[in-house]
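Encoded as structure tokens, the structure appears first; notes follow it.
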There are 2 protein chains.
Amino acid sequence: MIANMTEDQLLVLVIKYIREAKRHSLQELLDELHPYDVAIIYRSLPVKHHHKFLTFLNPDQIADLIEELETEYQVEILQKLGVEESSKVMDLMENDELADLLNELSVERIQEFLDVMKKEDSIKIRSLMSYPAETAGGLMTNEFIWIHANQTVRQAVDKLKEYASFSENIYYLYVINEAKKLVGVVSYRDLLIADLNEVIEDIMFTRTVAVKVTDDQEQVANIIERYDFIAVPVVDDEDTLLGIITVDDALDVVIREANEDIEKLSASGNIDFSTKAWTASIRRLPWLILLLLIGLVSGSIMNYFEATLAQVVALVFFMPMIAGMTGNTGTQSLAVVVRGISQNTIDKKVVTNLILREFRVSLIIGVTCGSLITLIAFLWIGDPSLGMVVGVSLFCTLIIGTLAGTIIPLILHRFGVDPAVASGPLITTLNDIFSLLIYFGIATAFLTNLT
Amino acid sequence: MIANMTEDQLLVLVIKYIREAKRHSLQELLDELHPYDVAIIYRSLPVKHHHKFLTFLNPDQIADLIEELETEYQVEILQKLGVEESSKVMDLMENDELADLLNELSVERIQEFLDVMKKEDSIKIRSLMSYPAETAGGLMTNEFIWIHANQTVRQAVDKLKEYASFSENIYYLYVINEAKKLVGVVSYRDLLIADLNEVIEDIMFTRTVAVKVTDDQEQVANIIERYDFIAVPVVDDEDTLLGIITVDDALDVVIREANEDIEKLSASGNIDFSTKAWTASIRRLPWLILLLLIGLVSGSIMNYFEATLAQVVALVFFMPMIAGMTGNTGTQSLAVVVRGISQNTIDKKVVTNLILREFRVSLIIGVTCGSLITLIAFLWIGDPSLGMVVGVSLFCTLIIGTLAGTIIPLILHRFGVDPAVASGPLITTLNDIFSLLIYFGIATAFLTNLT
């Protein structure tokens with residue numbers, strides 16, 4: 001019956017159960033749902049029902065629910081539950097999710113929760129919280145199942161049953177030696193088709209790919225993507241197995257990184273369809289005001305070249321086109337660099353090749369567009385020297401614009417500057433200034449010779 | 001020994017085996033490697049060794065290798081192998097990968113290959129090739145394992161052993177009823193910890209989430225991401241199970257879509273770090289030339305307003321700033337819309353809310369930036385009426401720019417136009433034109449009253 005109900009029908013049923021205090025029916029219903037669906041119900045549920053809803057759930061269900069919710073809901077639930085009840089729930093949460101949640105709370109709050117948790121769990125959590133968020137360590141869970149190489153398939157299956165609560169989301173068993181070093185990996189399917197008396201060593205895969213705990217999260221996601229892994233083990237410098245990172249976390253990283261890249265390109269800040277107008281404005285305004293001020297620099301450049309402008313008014317007609325084209329080519333290069341930085345390892349050779357490639361590109365497009373505009377300008381205004389000025393200027397500004405769009409983000413990346421600084425609008429605005437300087441500079445130099 | 005070798009050491013060893021014709025040693029070596037690593041070796045191997053390398057592999061290894069390589073290498077391998085040998089390899093490839101590969105070949109070539117393949121395989125391939133590439137049907141593989149609800153765990157395990165070659169990359173068993181409709185799902189781990197005599201029906205999960213064969217690939221990826229699935233079943237309108245889509249395909253979709261979004265924003269075309277300068281130029285030039293021509297429209301607008309310009313030369317100083325700011329706010333809105341379209345279901349309500357939100361945002365940033373520039377212009381030029389003209393113009397152009405960046409991509413999306421058309425540079429260039437029209441329009445109207 002439940003299998004075919006819509007979200008709205010489910011919500012109505014849940015409210016009915018809450019009103020009629022049918023705790024057991026509610027639990028049964030929720031057991032049939034994915035945590036993602038339970039989270040949708042929780043968000044849609046009128047706030048007045050939240051507390052009662054939670055009291056009807058067992059700690060296991062609350063743990064699953066919390067893992068699917070946004071921070072504000074998570075904190076709300078912890079507050080409604082109180083420290084003692086919360087700690088029970090926390091014991092059941094995946095350790096990486098829990099560490100992320102705790103990182104959102106104040107130091108005193110964290111201490112309060114850790115104090116009432118099981119000793120062994122709180123030690124694990126503390127160790128997870130000690131890794132930087134954007135590294136393999138910050139992403140991994142230490143809920144995985146390991147086994148010794150000399151144990152049998154039967155022992156492995158027994159261990160799986162013992163750790164049934166978290167063997168659910170894991171698809172490999174990690175094999176370690178006496179020194180706790182990772183020596184191999186066995187999939188559940190290998191165990192299923194093996195004989196129960198076989199020794200793990202004989203069926204395991206030995207060329208394991210692992211990531212270092214200090215590796216950047218993008219690197220980790222790239223490895224999972226390349227090898228089509230479901231999970232990748234995380235080790236320290238001595239190859240000791242510390243945890244695993246699962247493909248769903250890699251998927252989240254990829255989405256987050258792509259969104260960040262797009263924010264970089266547009267300086268739009270972290271805004272989605274559900275962001276309130278006021279919040280969205282506050283996030284965009286600092287950039288816009290900065291760009292406004294930088295934009296005025298363009299104005300003062302023109303002020304400086306007023307004499308040249310007065311001499312040949314037609315110069316001004318080509319100004320928006322030249323500034324715009326420099327911005328466009330810069331944006332194109334920037335997009336290639338920003339995306340590439342996320343997906344490639346950046347070393348000296350890569351950087352050199354990239355800059356040379358973009359330089360060649362700028363020559364090709366510079367010659368093409370420069371010749372085209374020389375012709376157009378000549379036909380339009382009828383003055384060959386103006387045509388030359390516009391053409392040569394466009395050639396030069398396209399080269400400068402392309403290189404600015406390539407080199408500025410690379411330099412920022414090199415110095416670890418928050419990449420949002422290398423935004424598309426910033427590059428465009430800088431290129432505006434470069435292009436005006438070049439255009440009026442060349443025009444002034446030519447015109448004094450020619451007119 | 002192999003476990004700790006670097007890529008270069010492996011390559012040297014492979015070349016040694018090829019030179020010394022040690023076929024068996026090579027096969028043993030490759031069996032210890034991931035297909036991704038074998039592909040790296042193949043790409044690094046001098047071309048003269050390619051043929052011999054292939055003859056040393058068994059069809060299974062070649063199938064794994066092909067799946068990891070780019071189209072040009074895939075076609076090369078098929079040519080080196082010849083039709084008969086190729087068809088053996090194709091029988092062993094994952095069907096979704098094979099369908100993608102065949103789609104790259106000419107119709108006659110496809111026919112040739114399908115003719116020599118096993119009848120049942122060629123029927124499956126033909127049916128996979130019939131689905132559009134960007135839908136669930138185009139993404140799915142029909143290599144999955146199903147079982148009837150009334151069978152036992154023992155029968156399920158036997159079936160897994162029988163289909164060992166592709167049970168490797170699949171982590172669930174799909175449960176169907178007599179009418180071949182999907183009724184549940186069982187994970188390998190459920191099978192492992194269950195008793196061999198239990199009936200599947202009793203241990204299966206019944207609220208299965210499935211996607212329709214016609215669903216868009218982005219929707220599929222979103223579902224896999226939200227539910228943290230390893231695979232999602234694909235059904236037709238009658239709930240008949242047709243195939244499955246695995247998380248690694250979802251990950252590829254997400255990466256591809258993010259790259260497409262960035263190409264949209266930058267009009268940079270499909271270019272990465274390894275693209276040749278010439279190819280990159282060819283892909284960028286059409287856009288740049290189009291934008292160049294559109295950019296000239298800005299020039300002719302200024303030509304039209306020449307009288308106004310001549311009257312108040314200071315007007316021109318604020319022109320780059322106004323055009324730039326209109327472009328910036330348009331890019332910000334565009335980024336939000338382009339990214340949002342990938343990650344949300346777009347309906348009337350969503351669109352209305354989004355447009356209203358962006359309109360409110362434009363009012364807030366318009367008032368803020370407009371007031372600021374009125375003040376700056378007054379202080380700089382000392383003319384309050386010019387300050388007003390600039391401020392009011394910026395206010396108006398920010399509203400128009402924001403709405404253009406929001407509405408144009410939504411309209412294009414609505415009419416299914418190739419979204420690359422709604423690129424950032426295009427919006428910026430259009431906004432250039434809008435902003436000049438508004439600025440000089442307002443200036444002309446005011447100045448005739450004021451001076």
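Positions of Cβ are set from backbone N, Cα and C atoms, glycine also.
Please treat TrEMBL annotations as automatic predictions, because they have not gone through curation.
Annotated features in TrEMBL:
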- B:140-203: domain 'CBS' (DOMAIN)
- B:204-262: domain 'CBS' (DOMAIN)
- B:285-305: transmembrane segment (TRANSMEM)
- B:311-338: transmembrane segment (TRANSMEM)
- B:359-381: transmembrane segment (TRANSMEM)
- B:387-412: transmembrane segment (TRANSMEM)
- B:433-450: transmembrane segment (TRANSMEM)
Structural state census, the domain 'CBS' (B:140-203) (DSSP three-state): 24 helix, 18 strand, 22 coil
Helix, strand and coil counts within the domain 'CBS' (B:204-262) (DSSP): 27 helix, 16 strand, 16 coil
For the transmembrane segment (B:285-305), distant same-chain residues with Cβ under 8 A (at least six beyond the ends): 267, 269, 323, 423, 425-426, 429-430, 432-433, 436-437, 440, 443-444
Model confidence over the domain 'CBS' (B:204-262), averaged pLDDT: 88
Sequence-remote partners of the transmembrane segment (B:387-412) [C-beta within less than 8 Å, at least six residues beyond its ends]: 315, 318, 321-322, 325-334, 336-338, 341, 346, 351, 354-355, 358-359, 361-363, 365-367, 369-371, 373-375, 377-378, 381, 419, 421-422, 427, 430-431, 434-435, 438-439, 442-443, 446-447
